[in-house]
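Notes follow the structure.
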Amino acid sequence: MLSILKVFIAICFMELVCSRSITSGEPRAKDIRVSRHILTPGYPENATVLVGGHVKLVCKLHQPASTRLQWFKKDSNRLGPDGSPVLTALTPLLENLSKVNIFPLVNISLEDAGEYVCKAENSAGQATRSAWVEVLSEVSEEPTEEPSEHLLLELGDVLKLRCDTNRPGAVQWFKSGVRVQHNARIQIRAAVMEIADVTYEDSGVYVCMLRGTKEALRNFTITVADAVGSGDDDDEDNGLDDIGPETENDQVYISRAPYWTHTQRMEKKLYAVPAGNTVKFRCPATGSPLPTIRWLKNGREFRGEHRIGGIKLRHQHWSLVMESVVPSDRGNYSCVVENKYGSIAHTYLLDVLERSPHRPILQAGLPKNTTAIVGGDAQFLCKVYSDAQPHIQWLKHIEMNGSRYGPDGIPYVKIVKTGSLNMSEVEVLYLTNISMEDAGEYSCLAGNSIGFSHQSAWLTVLSEEDVAKEVDLMEAKYTDIIIYASGFLALVMAIVIVVLCRMQVHPSREPFDTLPVQKLSKFPLRRQYSVESNSSGKSSASLMRVARLSSSCSPMLAGVMEFELPYDPDWEFPRENLTLGKPLGEGCFGQVVRAEAYGINKENQDHMATVAVKMLKDDATDKDLADLISEMELMKVMDKHKNIINLLGVCTQDGPLYVLVEYASKGSLREYLRARRPPGMDYTFDVTKVPEEQLTFKDLVSCAYQVARGMEYLASKRCIHRDLAARNVLVTEDNVMKIADFGLARGVHQIDYYKKTTNGRMPVKWMAPEALFDRVYTHQSDVWSFGVLMWEIFTLGGSPYPGIPVEELFKLLKEGHRMDKPSNCTHELYMKMRECWHAVPTQRPTFKQLVEELDRVLVSISDEYLDLSTPFEQYSPSCEDTSSSCSSDNDSVFTHDALSTEPCLLGYHDVHSRMDLKTTMR
């Protein structure tokens, strides 16, 4: 049933592209690719027309065949629940449109003046664009000297308009053809009209005329809107930037050089946004005459053809809009505003943060089940996390002909609310004056260009009789609780009284002499363990610490501590033959530096070899030293292996402890992959850098295979790594993968798991659920981490669970969510990742099985270079039917695996070809 609901919601979110009428039952399915853009910018256009004239409003569509459109007019005299003007529908919902849609206005009257809205929707979402129609009763034969002024004010501002004339006492003011009357809020003094505390109803066209004539001296288009921030909000909010004056705007009509109207909104100069977001830069300004604006990028003129995906230059709104930004959009963006009296400029810095794309994530536990009383109110909350702009719908499951499901098993629903994330309170569904018919299941559906997610909750409606019964039951329950609580408190008080009485009868003994007794003890700092090994079975040295202990309760005195490290001839390397070089990195308890070791190669004593040296920091503690020694001793008992970092020698005498290990010249696997990403990837690590080598798909499989071999060897030595990740795998000059960082590793001999009991920083995004929640570490928990490492490999160094807070990750893992298939991965290899992420540890494969499977895949593929523009199914030797994959072609973050035996969901394109949706519109 869960799979059916997911299939149904996928169709619903794509706006009924393949829908079926409930009444007629006739299908009209058509699989159409839709553009991310819906309406062409710049349409419809503002118009000014005389009474009795005609005008055509034009809306241009990008994909008319898959788009539905409707025309509205804003009624500024009526406000909706969110405080915005009510939209009055002028046409029904239009379908099967041409590329250009025209709404004609004929025989225009003064009542036709106002704002007209073109609203379109398709599977990509919704878009609205509007235009003002200004209606003039009559104009004088002589043209007015001043042009029409367009002003935008915020709620609560003061509007002051001046009409330039020699006869100020003979001026009358009209709004949309109706004379403006003087009242407590509107003051008309001679040729000046002042409106205090403006509201939405004050929006419109104002005209000043000479009394007794029909000569329009001047007209003003006024728009009142909410305060508009200068963040990177969506472009489809129908908001306008302030292009007019502030509270006192008398001086706007005199000659003046450009100036900023809202400098406080331009204080934020650095924008750091995730890739895929929409960015809007604003430079609200004015002047007289009205200035023009142009945009520069890094000091050069910036036009739409300079950027893939184009730009939107909304000059009348003083804004630059860029959709779906990528790292190549980074740079300095400057607006230059100028007229004949001067020019001003302002610069923004844009930094696009690298993110792997993902579908929306819904906060766990929301929406919640709700109970309401008949006639009361209720609300559902749905918290959405999404880098790309999401579209949200609220659905109610309904019954048709006595059934909640159609003949094909898909449930019936109706849409009760829809909108984008930046619309007012779209994440909240309000239900008022509830009746019994409102009871049922409600779903929150959120989707973006990558995919969709949904969660449901139930509304229970109680009658007054049900409420009375509930109250009686609660009162009875509370009575029982009070009785039991009173009895418990009485028992506790009795025990306390008895204890106090006994203390009075038997007074406490005199305390012992608390003089500190000093003694000297010598004890092992850490118990050493041995593992049977042909090469290093003699390594069982004890580390001793000498310290002064006090028997008093005061802290241990700061005395000299002496550590005794025994000399090991098999591993000791002369300190004078070692030349330290530049640092390579820092760990949790020490640092690693590059060094040259003379004679460390026993086969060639005269050879100078490059090594990596692990050592402690200056502020290291006893525990840090013990951890480094533990790692050293663990590496001693390991045989040489090609896919692990091997120990070469140690320096324990006459100086600080040095641990000499193999040097890997190409650094960590994570940075190795990132540095070799193709330049065409939207989230390339460095867009200016040409990859040193072009990786093949076989190279990626080889990386996973080599790491699996190294982990198979560690598992055979009963060693649990606990921090397996791409950052802890090093790459040599010959592209050999070597597992490193045994700082968190623990040897196991008689038990097969290690349970962590101390608190510390742990790699939570790589940890298995049993390690994360129960602190139990096994070889199977390392297998889980290996699955995450495979995901890193096939995303070329991507970050797991991008943009998900750690607290939210805990909930998602408990609910069974798993990461989706990377776009550069075959179905077969993704299934191996999913096996590694099995909720039951014993059901995960062993490293030996993983080595065998990856070896088989490696043998069956050829050296083909990566092409990230196409899916990787072509490289799969065994996955013939890709349509049944558990993930879409897009690279999203999560898929849900509530049950291990849950069947795979159909892909999106298969859904459209096989299923129909039954919906009704409220």
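Cβ atoms here come from the backbone N, Cα and C positions, even for glycine.
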Of the residues Asn401, Asn534, give the one that Swiss-Prot describes as N-linked glycosylation site. Asn401
Cys163: disulphide-linked cysteine among Cys118, Cys208 [source: Swiss-Prot]: Cys208
From the list Asn422, Asn824, pick out the residue that Swiss-Prot labels N-linked glycosylation site. Asn422
Look at the disulfide annotations in Swiss-Prot and name the partner of Cys444 from this list: Cys382, Cys501. Cys382
Of Cys12, Cys18, Cys118, which cysteine does Swiss-Prot list as the disulfide partner of Cys59? Cys118
Annotated N-linked glycosylation site residue, as Swiss-Prot has it, among Asn332, Asn577: Asn332
From recorded positions Cys59, Cys335, Cys444, Asp723, the one whose Cα lies nearest Cys208 (disulfide bond): Cys59
Around the Cβ of Cys208 (disulfide bond), other Cβ atoms within 10 Å, all chains included, total 23
Give the number of CB atoms, excluding that of Cys283 (disulfide bond) itself, located within 10 Å of its CB. 28
Going by Cα-Cα distance, which of the recorded positions (Cys59, Cys382, Cys444, Asp723) sits nearest to Cys283 (disulfide bond)? Cys59
Could you say whether, by DSSP, Cys59 (disulfide bond) belongs to a helix, a strand or a coil region? strand
What mean pLDDT score does the topological domain 'Cytoplasmic' (502-922) have in the model? 71
Can you check which residues sit near Cys382 (disulfide bond), meaning Cβ under 8 Å from its Cβ, same chain, 6 or more apart in sequence, and list them in order? Leu362, Gln363, Leu366, Pro367, Ile392, Trp394, Glu427, Val428, Leu429, Cys444, Ala446, Gln455
Cys382 (disulfide bond) - helix vs strand vs coil (DSSP): coil
Would you mind splitting the domain 'Ig-like C2-type 3' (258-351) into helix, strand and coil residue counts from DSSP? 13 helix, 50 strand, 31 coil
Near Cys163 (disulfide bond), which residues of its own chain have a C-beta under 8 A away, given they sit six or more steps off in sequence? Val171, Trp173, Ala191, Val192, Met193, Cys208, Leu217, Arg218
